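As structure tokens, the structure follows; a few thoughts come after it.
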Amino acid sequence: MLETEEQELLKETEERRETPLERQAKMKERARVLRDIRETQRQQIVSEKMEQLFINQCEELRAVLAKRREEETRMDCVAQVLSKQERQQEQQMKDKQFSEMWEAIRQREEQKESDRVERRQQKTNEHLNHLRAQMDVVDQQRQHAKMLKEEETQLLHEQREMQRLQDEREKHQRLKAQKTRRRQLDQSYRMKMRRLAKEQQEELAFDMSLIQQVLNQESNEKQESAQRKVELREEQQRYRQYLADELEKQKKLEHETELLIEEKLRETWDKRDKQSQMEREARNRLMKDVLEARSLQIQHKLEMNKQKQDQLAKDKEELMQTAEEIKLIDQKEKTQHKEFSRAYQADLLAQMQHKQQRKQFEKVLEDREFQSGLAMHQEYERMKERILSRPTSHTTVAHPFRRTEGAKSAPVQKSHRE
């Protein structure tokens with residue numbers, strides 16, 4: 001394929017090669033065309049020179065052309081004023097559009113800033129509400145912790161009071177047992193003393209009666225015979241022996257009765273002691289169970305109280321961490337808002353400076369254009385005076401504004417013709 005392209009390229013090159021005769025013919029043709037062009041230009045210049053010479057030498061035509069130039073100058077000034085007014089109107093329109101655009105941007109930015117401030121205020125209010133809720137929770141937890149402390153103090157007080165009551169009860173039971181035993185001993189001793197006193201009184205009364213009888217008998221013995229005295233003495237001796245035996249039997253019986261009574265009383269008291277001991281043990285067991293249950297209940301409440309206090313401390317720590325995080329987020333948002341405000345302010349300041357610089361630049365351009373137009377008009381007037389003062393002058397100078405307008409309108413007319 002490359003070889004084919006090379007062959008075609010060589011073939012085209014050979015076809016384009018010119019012979020010396022063809023080259024000479026083309027050069028002659030080109031020289032003739034250039035001569036024709038130069039001749040045409042020369043004839044046109046000569047025609048213009050002749051026309052300008054005629055214009056300069058004809059007074060009437062010069063007056064007409066002067067009036068025409070004045071009219072054109074006036075029209076050029078009017079056109080320049082109108083153009084300046086149009087430029088001013090266009091500049092005013094641009095300024096108005098720029099002001100409207102600037103106002104729209106400002107309103108949009110103010111709306112954005114207002115929305116941003118509103119969102120920030122809403123978010124701040126939410127944070128404040130959240131913090132207030134957290135503070136309420138902290139206050140509730142503080143009150144709860146205070147209540148738990150008071151409950152713990154009350155439970156410890158109840159525990160000490162229960163221990164004190166238990167100690168007092170045990171002490172009371174010991175004193176009661178001692179009083180009961182003492183009362184039992186005192187009662188047995190009093191019965192025994194009453195019995196002994198009664199026996200002593202009975203013995204004393206019996207002895208007194210015996211003595212009285214003896215005295216009576218002795219008084220009677222004086223009147224009786226000796227035989228009777230012996231019999232009476234023997235009978236008295238037997239009677240005394242009988243009384244002694246009876247007294248001994250009575251003492252023995254009373255002793256046995258006393259032993260039986262004491263044994264019965266001892267059995268009764270033993271039964272009562274056993275029953276009292278059983279009841280006391282039952283009461284002690286019941287009281288012990290109650291105290292142990294109450295102690296376990298108090299201990300359980302103390303443990304629950306401790307767990308609640310630990311949980312409250314943990315919740316308080318979490319709340320403090322959350323509050324610290326919210327504070328950091330709030331500070332970060334405030335910093336970002338300040339940075340955004342500074343950037344927005346700098347942007348507004350830069351836009352204002354740019355607008356001011358643009359106005360200054362446009363004013364400088366306008367002043368420069370006005371000075372340039374004024375200088376061109378003055379130059380035109382000087383050239384017109386110089387031309388009018390020299391009748392033989394072949395120079396015509398168009399007004400700079402007309403040259404500018406003509407240069408602008410030429411492409412338009414060309415496009416219209418096309």
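Glycine too: its Cβ is placed from the backbone N, Cα and C atoms.
Automatic, uncurated: that is what TrEMBL annotation is.
Keep in mind it's a predicted model, so treat the numbers as computed, not measured.
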Region 'Disordered' per TrEMBL - which of 113-146, 385-418: 385-418
Per TrEMBL record, range annotated region 'Disordered' [choices 1-27, 82-108, 217-243]: 1-27
Helix, strand and coil residues within the compositional bias 'Basic residues' (172-182) as assigned by DSSP: 11 helix, 0 strand, 0 coil
